[in-house]
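Participant: TrEMBL lists these features:
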- 1-436: domain 'Major facilitator superfamily (MFS) profile' (DOMAIN)
- 1-21: signal peptide (SIGNAL)
- 45-66: transmembrane segment (TRANSMEM)
- 73-93: transmembrane segment (TRANSMEM)
- 99-120: transmembrane segment (TRANSMEM)
- 132-157: transmembrane segment (TRANSMEM)
- 177-195: transmembrane segment (TRANSMEM)
- 251-269: transmembrane segment (TRANSMEM)
- 289-310: transmembrane segment (TRANSMEM)
- 317-336: transmembrane segment (TRANSMEM)
- 348-368: transmembrane segment (TRANSMEM)
- 380-400: transmembrane segment (TRANSMEM)
- 412-431: transmembrane segment (TRANSMEM)
Amino acid sequence: MASVWGFLTVLGAALIHLSLGYNYTVGNMNAYLIPYMGVTSGQTVWIHAVVISGQAIGMPIGGMLTAKIGFRIVVAIGCLLTSGGIALSALTVRHGLGPFIFTYAVMFGIGMGLPYSVLFTLAADWFPKHRAVVTGIILGGLGMGALVFTPTQTALINPENKPNFDPSVKARVPNSFLILAAVMFGLQIIGYCLIRKCPSSDGDGTDIFSESKEFEHKEDPDFESEAAVNIKESEVHEIYNYTVKEALKSIDFYTIALIIFFDTVPITLQSSAYKVFGSANNLEDRFLSTIATCTAIFNCSGRVIWGLICDHVSFKIPLGCFLVIWGVLFGTFPVIARAPTHVFQGLYPVWVFLLFFSMAGHFVLMPAACSRIFGPKNTATTYGLLYFTTCPSALILAAIVSVHDIKNDFPLTFYCCCGLCLLSFVLSLFLKDKFGKLSNVTRLCTNACNICRYVPPAVKDVDDNDDAEVSVVSNNRIYDN
């Protein structure tokens, strides 16, 4: 049983991720930055695009540095970069978009990426049989960031609910960064003091997506691990653990990469523009800030619910469902804006909450697809490579929309997001979900890619090959074997 330090480490990691959840306030802050800096809605897309690009760069660097210098220095650097970047933004916001993006997006993004997955592994090592639960708790802290920082931003910048272009509102923008950075740094200090490395952790890089420790078949016939007992009661399969090189040879790797590449566009635009869209349609700032705060609840709960669905039916069916729902919501978002203001005010929060609930599925189902197709053992590394596709996607998007003011063309923006969601849905039909329920309905599409689907030699005779890296798969869990 884990000691009290195990629980404190989970709490500490969640608090640090709560501070990193400041990232989800970009849509709320953009509404104040546009009038203060005199920039367009399209130019503010650079902020979120650079943040997620920095995160994509920082994540693998954080993992490599942790192996060489330990987790404490990596986490400390990440905390200093994030809170320091926000604090310095109080100065750079006065000097143009370029310097501001460096402190507010580059520093924060890299600082967010460095400890991001390190904290998952650190906390999960204390609870090897409940890794997914621990990861979910920490991700919940990340998702709840908007619940803490969005109302704080609004209270600091626009407590009197005035128009965002009011001089008194604009005057409060620079100093707000100092207070927000102080809150962030306070959470990080508390979290940093609580985290500890599990003494029994051997640093073997056990995958954080696995529910249990790797277990060996003992020669003692009376020995049965808890995992083995649990999975006897349900249908059992074996899944081969692809190496990273083998995964790179598979068509499924590039299909998932394309889905992530396309999904990054609606994720970035949704996070950056939903509040500006409401403001452009005559909704009050205080109302919009309340909606922005509540999105954290749907972002957080959505990850749990999509994960539970994936546990029961695997990834392919929920992946297709969430992409279709997400696309329909984007396609109808501009339509509801044509309604009278009082009607739109009632429909707007429904659409925004459902958009964030749907978006949460992306962050659960993409790593789940990677783990189910390529095995859990190397998922962290394989998914890290897949996640890197967010970097070019976000930067290309920002370069395109920065020359246009999307505030004047929201319908086209959201229709493009709808189209990309539906394109991702089509691509998802070709993924191979070996253990998914109801996935036979897409067998024709899946088999069409078999000619390009690399099958490692060890997979063909996995039952006869004692050296093959395999994991045991039950209806709802994966166990390393």
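Residue numbering: from 1, along the chain as shown.
Cβ atoms are placed via backbone N, Cα and C, with glycine included.
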Participant: With an 8 Å cut-off on Cβ pairs and a sequence gap of 6 or more, do the transmembrane segment (317-336) and the transmembrane segment (380-400) reach 3 or more such pairs?
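Facilitator: No, the transmembrane segment (317-336) does not contact the transmembrane segment (380-400).
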Participant: Have the transmembrane segment (412-431) and the transmembrane segment (45-66) got at least three CB pairs under 8 Å, pairs 6 or more apart in sequence?
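Facilitator: Answer no: the transmembrane segment (412-431) and the transmembrane segment (45-66) share fewer than 3 Cβ pairs below 8 Å.
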Participant: Hey, does the transmembrane segment (132-157) touch the transmembrane segment (251-269), meaning at least 3 C-beta pairs closer than 8 angstroms, sequence gap 6 or more?
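Facilitator: Contact between the transmembrane segment (132-157) and the transmembrane segment (251-269): absent, because fewer than 3 Cβ pairs are under 8 Å.
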Participant: Under an 8 Å Cβ to Cβ limit, what residues of the same chain, 6 or more beyond the ends of the transmembrane segment (45-66), are close to it?
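Facilitator: Sequence-remote neighbours of the transmembrane segment (45-66) are 23, 26, 30, 33, 73-74, 78, 97, 101, 104-118, 264, 267-269, 271-273, 380, 384, 387-388, 390-391, 394-395, 397-398, 401-402, 406.
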Participant: Within the same chain, where does the transmembrane segment (289-310) have neighbours whose Cβ lies under 8 angstroms from its own Cβ atoms, ignoring anything closer than 6 residues to its ends? I mean 6 or more beyond.
Facilitator: 21, 24-25, 27-28, 132, 136, 139-140, 143-147, 150-151, 153-154, 158, 274-275, 278, 318, 322, 348-349, 352-354, 356-361, 363-365, 368
Participant: Using a Cβ-Cβ cut-off of under 8 Å, list the residues of the same chain that are 6+ residues beyond the ends of the transmembrane segment (73-93) and lie near it.
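Facilitator: For the transmembrane segment (73-93), the sequence-distant neighbours (Cβ-Cβ under 8 Å, at least 6 residues beyond its ends) are 16, 19-20, 22, 33, 36-37, 58, 62, 65-66, 99-100, 102-104, 106-108, 110-116, 118-119, 173-178, 180-182, 184-185, 188-189, 192, 195.
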